[in-house]
Amino acid sequence: MSAPATQAQEPASREDRGAPAYDEAWFAARAQAGIQRLKAYDPGHDLVALRRRFGEANLAELGSNENPYGPSPQARAAILDSLHALHRYPDPLGADLKRALAAKHGVDVAQVQLGNGSHELLMQLAQVFAGPGDEVVFSRYGFAVFALATQAAGATMRIVEALPRDAAMPCGHDLDAIAAAIGPATRLVYVANPNNPTGTWFGREAMIAFLDRVPADVLVVMDEAYAEMAEAPDYASALSLLGRYPNLAITRTFSKAYGLAGLRVGYLLAQPGLVQVMDRLRESFNVNGPALAACVAALADEAHLDWACARNAEQRAALAAALQQRGLRVFPSQTNFVLVEFGPRTAQIEAALVERGVILRPMAGYGLADCLRISVGSPDENRRLLAALDQVLT
Ligand SMILES: *Cc1c(COP(=O)(O)O)cnc(C)c1O
């Protein structure tokens, strides 16, 4: 017991001698240049504390675009089944899951890479393909991880102005401007379709016109985290274009439509050579055993996926209509969230909703301080949101 006490006293005596504080600033000054400028990912509210305060059942958690219905029951069963092997390392190749994904998407197994969430893959793409002196291009209001990944790699961000607020796709990607921003230093372009937090999307013709303009040695990363939920006739996945554009990489996730955010699994589809180079950086057991088993089972249960996506589309339309009835502007969306304009009182409205157990995502960090991003919840959650909103807006 005496040793810890001595250690605890030590910093005070050092401070007396004018030693540094060893605080964030001190360590940041010793970090590599990209990290020095980096701001950590903002995960939103402290949900663990809010659950403790309100009780989980009294909270409408609509801030993180999770699937309110949860995963396929078969995924739960597969997790329980996998528990006998917790003392074993997982398959470092994730071979069963890669085979299932390859079969589902009609690609070769060698074209699939697994990540601990697609967040990990987005980070690794920049780390592998861009560094100091290189540029990474992406849109304003593009997914927050694009900026994190670029800076963590020490590369330079080239942020392209988005479409205007009064456009048909408000704040959406301006693909022409993105293509025009690509220069000799550009190594990587991040595009999200549909995009978070705007919910905006684009279709096949626009995508082809864009990809035709991207130089063959510049990598295009198409983040399709919400692809399963997009059903508009003018939306298209880039999947069918993988063979035509070898510089294209697509990321997807089990966190959203599949309802497995807690397991952290994403995947990448690209050329086998790209996957091989990405593999050099991958932590050997980056996806855990229960997660691998659950995702294989989730892929096999297409009925559950279709059911969850249909519920989402129906609830999204109902929620958007109800918000519009209350005089709010709702951005178009092909995802499981809507971006909504709340005007100059946005911050107060958001705080008042938290006090009523309704958690939305503030958008000030994205430069959209007058908007909130609302995940489409279950019918009950959406009702509670609207009831709380009616109290707060009057
Ligand atoms: C949620 C999200 C992801 C990543 O999710 P993971 O849980 O890391 O797989 C990636 N891109 C976008 C646009 C997202 O909204």
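Each residue, glycine too, has its Cβ placed from N, Cα and C.
Listed features, source TrEMBL:
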DOMAIN    60-389  domain 'Aminotransferase class I/classII large'
MOD_RES   Lys256  N6-(pyridoxal phosphate)lysine
Cβ atoms near the residue listed as 'N6-(pyridoxal phosphate)lysine' (within 10 Å, other residues, all chains): 28
Rounded mean pLDDT for the residues that make up the domain 'Aminotransferase class I/classII large' (60-389): 97
Where Lys256 (N6-(pyridoxal phosphate)lysine) sits in the secondary structure, as DSSP reduces it to three classes: coil
